[in-house]
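Colleague: This structure is in structure tokens; I'll ask about it shortly.
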Amino acid sequence: MAAPSKKKQQNPKQNDGPKFNKASQKQFKAKQTKIKKSFSNDAVVKDASIALQLEDDVPDFPRGGKSSLSQREREEIRAEVDEEFEGEERYLNKKNKKGKKFQNKSSQLSGDDLGSLFGDGITGKLPRFANKITMKNISPGMKLLGVVAEVNEKDLVIGLPGGLRGLVRSMDAVDPFLNDQTEDGEGSLPRVFHVGQLVSCIVLQMDDDKNDNKKRKIWLSLRLSLLHSGFSLDAVKEGMVLTAYVKSIEDHGFILHFGLSSFMGFLPKNSKAESRDSEVKTGQFLQGVVTRIDKTRKVVYLSSDPDTVSKCVTKDLKGISIDLLIPGMMVDARVQSTLENGIMLSFLTYFTGTVDMFHLQNTFPTSNWKVDYAKNKKVNARILFIDPSTRAVGLTLNQHLVHNSSPPSCVKVGDIHDNAKVVRVDRGMGLLLEIPSTPLPTPTFVNVSDVAEDEVRKLENKFKEGSSVRVRILGYRHLEGLATGILKASAFEGSVFTHSDVKPGMVTRAKIIAVDSFGAIVQFPGGVKALCPLRHMSEFEIVKPRKKFKVGAELFFRVLGCKSKRITVTHKKTLVKSKLPILSSYSDATDGLITHGWITKIEKPGCFVHFYNGVQGFAPRSELGLEPGSDAISMYQVGQVVKCRVTSSIAASHRINLSFIMKPLRFSEEDGIKMGSVVTGVIDKVTPSLVTVYVNAKDYMKGTIATEHLTDHHEHAALMKSVLKPGYKFDQLLVLDIESNNLVLTAKYSLIKSASQLPSDLSQIRPQSIVHGYICNLIETGCFVRFLGNLTAFSPRSKAMDDQRSQLSEAFYVGQSVRSNIIDVNNETSRITVSLKQSCCSSTDASFLQEYFLSENKIADLQSSDSKGRDLKWVEGFNIGSTVEGKIQESKEFGVVVSFEKHNDVFGFITHHQLGGAMVEAGAIVRAAVLDVAQTERLVDLSLKLEFLDKSRDKSFNSLTHKKKRKGEMSKDLEVHQTVNAVVEIVLSIPEHNYAIGYASVTDYNTQKISQKQFLIGQSVSATVMALPIPSTAGRLLLLLKSISEVTETSSSKKAKRKSSYNVGSLIQAEITEIKPLEMRLKFGIGFRGRIHITEVNDTCLLENPFSNFRVGQTVSARIIAKAGRSDNKKSQMWDLSIKPKMLEG
């Protein structure tokens, strides 16, 4: 009998059951069940700081009180006990008379023989059966001994008595105050706990499993504040074994915490715990024997010698209550009587408890096991469980548990053993077998329902003790060290019997047991279930799965993977019947491997493909075998099975690159096509994002041109693509890259012109050089600039713009042509750093403007060829500089509109500044000079100024759009690289050279989107003649503004100018603009010019041509050796520089 609790009893009506505060991560909700249980007052936590506690007003159960279950409730759980211990009840539903006798016999059993736990409420007679923990009688507040079966990041799985399994959340593994001190939070569980560790736990709650209504989850807590709730310092005695947390590690020992605030513990470092486990961690559980109690300081001193702890027996203390009983306590017990399935013991004077047959001393008890337990026999036993609600106590005599260690696991689930020995035959229940495992034999119990395919009425007639049988392991009870097995012949058939038998890629037959909208549930012959997702139920998308999959049908499936006992399979015909190798791990992905997979995601860069066991890879767009210009989404679909080839893999980083092209096409050297080659091509088709062309080579090959690669100018790209038609021929295209059987091409004039200088390899990059490229990607921290192939450089934000206040997305666009200054090349990391600042990357020629005119003429030609009756012959009558006659049509605020008699769809325009002071009226006939012609807009810019009208022009020029600054005709004495002063008109005129008209751009490659400096009509500017009028320059005089390298007047640029006050001795970065026989001309800073004499190149003058290693556009480091002389024109000042190695070092 259990001793009464010393706590004051309260009115049970005031008790609302267990309640939990908000410290729990997931608040428990009370659920109505057939058996209503509650915590007893023994589980009350007095410390208000504990996050999870019970109410203080829960009453004690009175001593000697009867079972808390009503007669109706006891009848509802009769079936489970009968199934466990009265095997004849299995035949209740049979129509034979023998079955009815068993039913009548069972109905006469008294209430004390049922599965409800009993304690000290039994009067008049002894019970027939030992207490046994089942899913029906386990209840909140029950204390249990368990063993850690699994350690996860967020929870623990605990093996409990009777083969039950419980879960411990990370927050319930230790007390809240220790959670704050333990490292890594949830991730600290593997650091503190290990599989096979014995623990004491308390049941928090029972709830239904969401996946299976027949299963219920048992939520446990290992918090010592709950297990030790009945303890006080007075109750602690020397020689008692206690469990504590390691709160902190000190120099001389370990500060311990028992879950209570009333006292603390200390474990000296000379204890054997240190030698047993050299690394004791904070938060770890330690068991120790009380060696000394300091009541003044409220400190309990422990010793954790493993031998002492395992042999220490709890002393018979006067007045001990059930509150102080903890699972795992070892006690001296005496046999009181033997029961049908165990024995009853008395211990600690006041208490009685039972031991079921699976916890006896002998691991293999035979049929006459009762003779080993004579009345009053003394035994050592450990407490297995305590149920405060019924005051029932369970004990164990298992030798492993008695010695404070968990039984070893010597078998695996799914193992087959041919020579298992029958140790005992339990009539109506099953067989106890001995499996000859190593290093120790393993007891195995086979339930009567698993003995044979057909029902066996009398086991004793079919099986004899000592005979051998073939058994397969079904499961394992970690706490008892007991395996469960099956003898059915069907258990040995088929390839899948348990989850451990499932291997990714294996093909097996399964029966469909359920079909839903998400897929089908199938069952293997061994009983294991798997999910066939909806996408894997058919080769193609299936709308009504129930029509194709009938419940009860048996089909072949291939296993996709098994994770956490969740198996997924596929019924896709291609996968099931595939003869190709299975890819189920990243280490198996060898180069060249061809296998089947299925597409899980399609994006613009390519397709993601999944294989078995969660392995996935990526097939880039170039390896999809697509026709140029077509999209992946139009050729493939998610869920589609594809044959793919592994091109490369990195197992350590879980990366696999794939190709859908089994035999990739490669261009031979005979074709003469390689990266950097200039080819011709004819348009095949135009798509929204690409232009597909046939490249003229030995064999016709296809290539693609992205929209942004049609021109260097952003505003021309979309306009160009809108007028392109199949059959149009590109005279020059540059091969940027070769992707499988597709050429990546560009029509950018800047890249085609510098094709021979474009690098395709890191070794071809020279620091301090200017290289043309294009922006392939923009991120917040900088721009990626690409050259040939995949050779890419990075321009950090600080080096991309002169004005750091601007956003990169506002200054650049993907596909933009740029000039990049190579700052650094790191061969170890293969990284290239470049600058895109206009101050150091400005153009030194007029190629940017030249491409503008060429593109405009090309667009105009395409527009005229596409328009019926509209051609460009009208341009011949409007030569630039010539005089034409027109009629004033109307006058507007911004100028005068002029019409022409012979060209009804062409109009002229005269700005107010170009009227030259003349007064004009509508309808008047005027003669005007042609300043510019916009062919695409069919618009002519005119002037009435006398300086233009009085000059006869012999040459005419082509057109330019209004977005560029233009400059007038040249006189015959103009030369290339000559510096001139020009006046801003609509174009620029050069008064000193007979008002020659030239054209210059106010933007540059790197500043296309950046707001530019504004010019005023009549303003005088300095420019350099870069090209005379010839067909390749669109027949125009091309100039380069001296101010093109200057940045816009912002606060940052002004600051930069202030920093540009150079002195003698300053080290600078300068770009070569011109190489002469005796000197090199350079530019540096913002608007500064310099020169290097031939004697300032090397320390010695032995070289014949010191300038042979330099070229225009190259950036060099130089030192200023003399200031420029004073001059009225700052731009003409020349600073003397030196690049002698000694000067640079100094």
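Positions of Cβ are set from backbone N, Cα and C atoms, glycine also.
Not my notes, these are from TrEMBL:
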{"type": "COMPBIAS", "residues": "1-10", "note": "compositional bias 'Basic residues'"}
{"type": "COMPBIAS", "residues": "28-37", "note": "compositional bias 'Basic residues'"}
{"type": "COMPBIAS", "residues": "71-80", "note": "compositional bias 'Basic and acidic residues'"}
{"type": "DOMAIN", "residues": "141-223", "note": "domain 'S1 motif'"}
{"type": "DOMAIN", "residues": "239-305", "note": "domain 'S1 motif'"}
{"type": "DOMAIN", "residues": "328-398", "note": "domain 'S1 motif'"}
{"type": "DOMAIN", "residues": "414-474", "note": "domain 'S1 motif'"}
{"type": "DOMAIN", "residues": "505-572", "note": "domain 'S1 motif'"}
{"type": "DOMAIN", "residues": "592-661", "note": "domain 'S1 motif'"}
{"type": "DOMAIN", "residues": "676-748", "note": "domain 'S1 motif'"}
{"type": "DOMAIN", "residues": "768-837", "note": "domain 'S1 motif'"}
{"type": "DOMAIN", "residues": "881-945", "note": "domain 'S1 motif'"}
{"type": "DOMAIN", "residues": "1065-1140", "note": "domain 'S1 motif'"}
{"type": "REGION", "residues": "1-38", "note": "region 'Disordered'"}
{"type": "REGION", "residues": "55-85", "note": "region 'Disordered'"}
Colleague: Provide the three-state DSSP residue tally for the domain 'S1 motif' (505-572): helix first, then strand, then coil.
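Modeller: Per-class counts: 7 helix, 35 strand, 26 coil.
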Colleague: For the domain 'S1 motif' (1065-1140), what is the mean per-residue pLDDT, to the nearest integer?
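Modeller: The average pLDDT of the model in the domain 'S1 motif' (1065-1140) works out to 81.
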Colleague: Looking only at the domain 'S1 motif' (768-837), what are its DSSP counts of helix, strand and coil residues?
Modeller: 8 helix, 35 strand, 27 coil
Colleague: As a quick check of your reading of DSSP, tell me how many residues in the domain 'S1 motif' (676-748) are helical, how many are strand and how many are coil.
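Modeller: Final tally across the stretch: 13 helix, 37 strand, 23 coil.
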